[in-house]
Amino acid sequence: MSALRSLASDLSDPTTKAAANEIAFKHFSDGIKSTKLSFPYKVDESTAILLEKEGVLTNPFSTTLHTHAAEKMLENRTLNEVGKKLKVHTGPFTFIQFKTGKLGHVGRGHNQGDQIINYAREAKDLSRFETLDTAVVPPVHNRVALLHDTLHFLSPRQLAQLFHHNPNLHLLYATLVLPVEALHNLPSLNPHAYTLEYFSNGDFAYMPGGHAGSGYYHSAETLHWLRAGQIKLGHFSLSLNKEDSFGAHHIFTVTRQFIPPAPRYLYAETELVTLHDIFYPADSNVQRPYPATLINRMELYCRSVKAVSLRDIFAKFRQVTETAQLRHMRISDVIRLANYFLFSASLSGTNDYPSLVGHGLFKKMRVSFQERVKEVLAPLVGHTQYRTLMSFVQPKPFTFSLTPVTFHAAQGRKWSNPLGPMDPPPPGPAGPDEPSDPLIGPTLSLLALGIPDDDLDADLDKIAKRNTRKDELLAELTQTPTKVEVPPAPEDAAGPQNPTTTTPTAADPPTTPADEPTPEAPKHHPTLTAVDIQLLNDLRFTDLDIQHGIDGPILPLHRNPAELTPTLIADINCAPFVEMLSARHIPIISRPVNNARAHALASDVKNAKIGKLLTKQPQDWLKSWDARCSTSELQLNVAVIHGAGGSGKSYSIQETLRNKRETLEHTTIVTPTVELRNDWSGKIPRMAPDRIKTYEKAMLQPGTATVILDDYGKLPPGYLDSYAVLHPNVELFILTGDHRQTTYHVSDPEANTFHLTSEIQEFRPLCAYYINATHRQPRRLANVLGTHSSKTSGGAVLEADMIPDDATVLVPSRVEQAKLIDLNRRAMTYAGCQGLTAKNVTIVLDRDTPLCTDETMYTALSRASESITFVNTYSKEPGFLAKLDCAPYLKTMLTGVHEEEYQPDDTPANDNPTEPELTKTHLPVENDNVFFEPLVEQCTDKDTRELFTAEHGKTNLAQTSSLEVQLFPHQQAKDDALMTETMKARITTSTRDANLRELHDTNALSGLLFEFYADFMKVPKDPMPFNPTLWAESRARAERTYLSKTAAQILNGANRQDPDFPDNFVALFLKSQWVKKLEKVGMQFKAGQTISSFKQQVVLLTTTLALYLRACRNSHQPDNVFIMCEKTSNQFNDFVKDWNFERDNYTSDYTQYDKSQDGLFLNFELRKARHFGVPQAVLDAYTAIKTDAKVFADTLKIMRLSGEGPTFDANTECNIAYDAARFQLSDVKACYAGDDLARDRNCPERASWKYISHQFTLQAKPLVTRKPDFCGWSLTKHGIVKNPKQLWQSMQLGLKLDKLKDIVPSYSLDFHHAYALGDKVYDIFTEEEMAYHQATVRLMHKMGVHPKIAGDHLPVFHITSDRLLKETKPIPALVPTISITPPATPPPEAEVELTTFTTHIPDSRPIRNVHFD
């Protein structure tokens, strides 16, 4: 390793490394720039390494392709070298057979007076002419000339004629392209640059890059130029000397004076060697040279093998030869080479010379004499094997060097004619002193030969015009400084303004967009100057009549009173934007990099306080960036454009990009959000996608001459300074933004950027004026915000109860945004919507809205181009609405808002086809006597399983002495110990205030929960009005169901019918039941379930509410959702027929479901009831009951109780809402009943769930399976069946308790679904389940039960809360005492008669008077 490289590797300090990287980057940047002109093409890595040996630097990022890129770059490298040699001479120069576009390669410009002469369209055409007839072409006027890549197509006579007819020409640099290896018919020495093809007559084809379309045909005699040292024509002679070589490109100098040539011309280094001739005749020897490495390897191999054969030699030769080289080899010569090695191996390698070690003088003299005699006789008698081997084992070196020779210029194209007479030069059309136009020269030359001029550079005129316009712009900017004003806020600009401006000159007339018609003469606003009016007209604001906002007249344009001095930009790539900015009177200001701001951002990124993509970069890169930000001394050229949303800040920029495509390659657009990036991509479709970037990716990728930062106020503080440090090649920054809108928010108070001003506040003083006008919003909306508007139509302000599906939704927080995105809504935050334009915008108001700043509200309210819809998801209480007064824009917007009603349509369901009867099957007999044995063996004894309480001892759940019966827990109401454990497990107490506080805290989330529910259940978006008729029918049905009880049941609840029974008191009992669930049979005993009893009048009210909401739900429930409520098993079976069993299904249970129905779900119930028009009085009464329910112990926490009217329906609705909030359900088939659910797809969890899951006390126990269970039914591809194991165990329990005759009728109905399947049960049951199924069938048949009809009976659990559905006759004596006659024409909501009752609390104070109908 060299000394400097060793020191560089020892650098460890980050600051030192950063400085070293800065130096390395500068060299890298200089290297990249140096490749733009002569070496711009893309090549592979191996070719790049070979080109570097020729002094050619390549750009690894280049995407410019060429059919023979390497050869073209070697040609340009040759011209670069000629250009260096031309610098030692005084111009101008003459270029022969030269394209004007190549002047830059030799370091010459278009305006330096050089002469260009083209005798033919292509240099190879000259080989067809006998002589160069220069009588009809301009002569060479200059002493020094360049003949470009043409010499190899000329004869010595033609070159001599060129000098003879141009006496002013003294020195000619001639480049030629000839491969020296063609002299020996060898393959290309530079296959990455060119390939060769040889012909039988000795000629060859030269193909650059292996591309035949660009190839040249050469005769063998052209190769003589490689050894040309002098040309003689009579007494006239020329001296030639080879100067340099780059691949097959060579530079020769040709002069009139005699200069001795070099002894040898060196062309290429090679390791080729030739072998000695050892066979006779001569053509049996090896003909071609081979690499010395190959010869030595083969020789050593042959010497290392004991008895080498010809086959061994061929095998080894193939092994050491690359496949790519085989195409260049001749098999005949390879055979000769193999025989050469075979012969060599046959000779002895043992030294047969005598040894001189240990001999005396006489002995040495005798040996010396004998060896001399052998050497003399060797030509006659031959050498020994060793001496023969040593004579040819060392191959002869092969060289490409040539000895210069002298050529005599013959007549015509021949090279070997003797010297002939030389004719005197014909008179030329112009004297040597006549000036020549470098652009006319080649044209005259080609016209003389009848060839069109296709070699002129067509871009010269464009470049000349561009440079002229650039000079005009720079002169215009330097005339006088522009005086402008800082744009004040609109509320500060109510009065007239008198800004000082510079009147535009006649040289700069105002322009309008090309695609816009010429505007009519505008009506001048009295406070605007002529320049202001012209600027607004250029932005398509023609109606400048005075418009009024909240604070008075609105001024469309505010100027900056500060004096700004513009700077000059000479970069030609920025010229179109400089022209555009000048037309809009926007100065370009030079400003030094603010190292403090740049360092603050770099430090925060390095410490992972800001950003996501940047923080993942290597620490070395981050430290280097930080160090560079602290020491940079760059100057920024900044143009700042401020204006309201829709004012046309970016219009002129986009027009420049559309109309001047050359700017696309040199422009980068940086946006703060992905939405804004997509917006730019749609408006500039021709711009490459990688030129439009978000701000973090832009920081990591290369910059361009012009960088546009749109909505730069949303970029982190210090971004522009940091970006400039990383991209010193940027010449112009164009910033667009609005200081009235939101800026980037740094949330970490420990971050360095937390204490910095925003980017828009930092660069606001550099802004010339503020455009306070918009094309986006109608005047109805824009004037409220203090903005002038050109749009007169539209501007509706609406209010909705639910968020529309297809609307663009704006919410105050990111958490709410994530939740709505999971609902497939296009949601953005108030602050994050900056840059958005939408026709209709929906703004959600919740408890976070009053916390938003004026800038945030202005941003949200200025997005709509047609209408704004407000959705209040939080509260309509006066207190909350008063808080909205803090946002003056919002307060004004909400004036005049109205609601619209919508009535959903009822669509009847289609009848489903019936299934054909199935064939009967027979099952083998199973031994059911052993079915209970595994459970009995693993079950512990009775005392261990029972629960123990200190007050009442142990529970009594294990009944009888039968071990089989003891497997099933028997919960009894009289078991006090079990009641105590049940109360501990199922009941939670609280206070009324705590319940109300919980209700208040969960209000916001409940609204979102309803949105999830409504989206899945297809709830109509508009609120539904109250339906008095439906309410009356629901009340009548509740009363009718209550009166269907037996007399004993009604009399048993007489105390709950007492008016003095407290409205909010709940009597708790223990539910008596046998527990038969499979997961609980034989397991440790657990707490039971409670039964709650409310006052009968409360039950009637809540049951009416449940039936009313159930009817409303049935009107919109989608077909893919099945709720097991008032449904038969046949209906459920038909629903399952379309179930997808080919994928994972999902079922779920919950932990303490009733106990987890807290304030969040109560708010959800209230929100849903409110949407369906339930009177507020009913909702207040329901809220009072739920938040102040009393038991003998204390006030209950908000939870679900079994005695409520809506228990089943509310449990089902909350189950659906929870499932929809957690998973992306869409159109999945699902069935729900209380806390039970099953779906035919395992849906993905929503991304927003992680933000809200901690707010749910409800905990699910999901199960992914291919055999889902629901409400005791197993769902299969052939329909629903009862679990045969559970069904058999339940029947066995009834048999052992002697109650089988009471349960067989209902069990037979459940059993029939599996029994009717016949042979199909083999497809759905496991071996164990088949055994239980057979045992059940046999037990049924033994009892004489042969089920034929099943599935038409209603389940008894669809209203489990008040247990009103009993198959008993009503009491005749009680029926006439209550009138149930709903009114024929129900009065409106306000006129419905209500029965009054008072809800009491222990201190006898009424909560409130509530009316019920």
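Any Cβ shown, glycine's included, is placed from N, Cα and C.
Residues annotated as domain 'Alphavirus-like MT' in Swiss-Prot: 59-226. Mean pLDDT of the predicted structure over the domain 'Alphavirus-like MT' (59-226): 85.
Among the features that Swiss-Prot reports, region 'Disordered' is placed at 413-444 (among others).
Sequence annotations record features per position, and here Swiss-Prot assigns compositional bias 'Pro residues' to 421-432.
If you look up Swiss-Prot, you'll see 472-525 (among others) marked as region 'Disordered'.
The compositional bias 'Low complexity' annotation in Swiss-Prot covers 499-515.
The domain '(+)RNA virus helicase ATP-binding' annotation in Swiss-Prot covers 614-771.
Under the three-state DSSP scheme, Gly646 (ATP binding site) falls in the coil class. Residues near Gly646 (ATP binding site) in space but far in sequence (CB under 8 A, at least 6 apart, same chain), listed by position: Thr774, His775, Arg776, Gln777, Thr837, Ser862, Ser865. The ATP binding site feature in Swiss-Prot is assigned to Gly643, Ala644, Gly645, Gly646, Ser647, Gly648, Lys649, Ser650.
Residues or ranges marked as domain '(+)RNA virus helicase C-terminal' in Swiss-Prot: 772-905.
According to Swiss-Prot, the domain 'RdRp catalytic' annotation covers 1143-1249, on the basis of sequence analysis.
Listed in chain order, the residues near the ATP site other than Gly643, Ala644, Gly645, Gly646, Ser647, Gly648, Lys649, Ser650 are Tyr651, Asp738, Ile771, Ala773, Thr774, His775, Arg776, each with its Cβ within 8 Å of the site Cβ centroid.
Taking all protein chains in view, 24 other C-beta atoms sit within 10 angstroms of the C-beta of Gly648 (ATP binding site).
Residues of the domain 'RdRp catalytic' (1143-1249) grouped by DSSP class, helix first, strand second and coil last, total 42 helix, 20 strand, 45 coil. Taking Cβ-Cβ distances under 8 Å and a sequence gap of 6 or more within the same chain, the neighbours of Ser647 (ATP binding site) are Leu539, Ile771, Asn772, Ala773, Thr774, His775. Ala644 (ATP binding site) is surrounded by 28 other CB atoms, counting those within 10 A of its CB over all protein chains shown. The Cβ neighbour count for Lys649 (ATP binding site), using a 10 Å radius over every protein chain in view, is 21.
Applying an 8 A CB threshold to same-chain residues 6+ apart, the list for Gly645 (ATP binding site) reads Asp738, Gln741, Thr774, Arg776, Gln777, Thr837, Ser862, Arg863. Between the listed binding-site residues, namely Gly643, Ser650, the fewest other CB atoms within 10 angstroms of a CB are found at Ser650.
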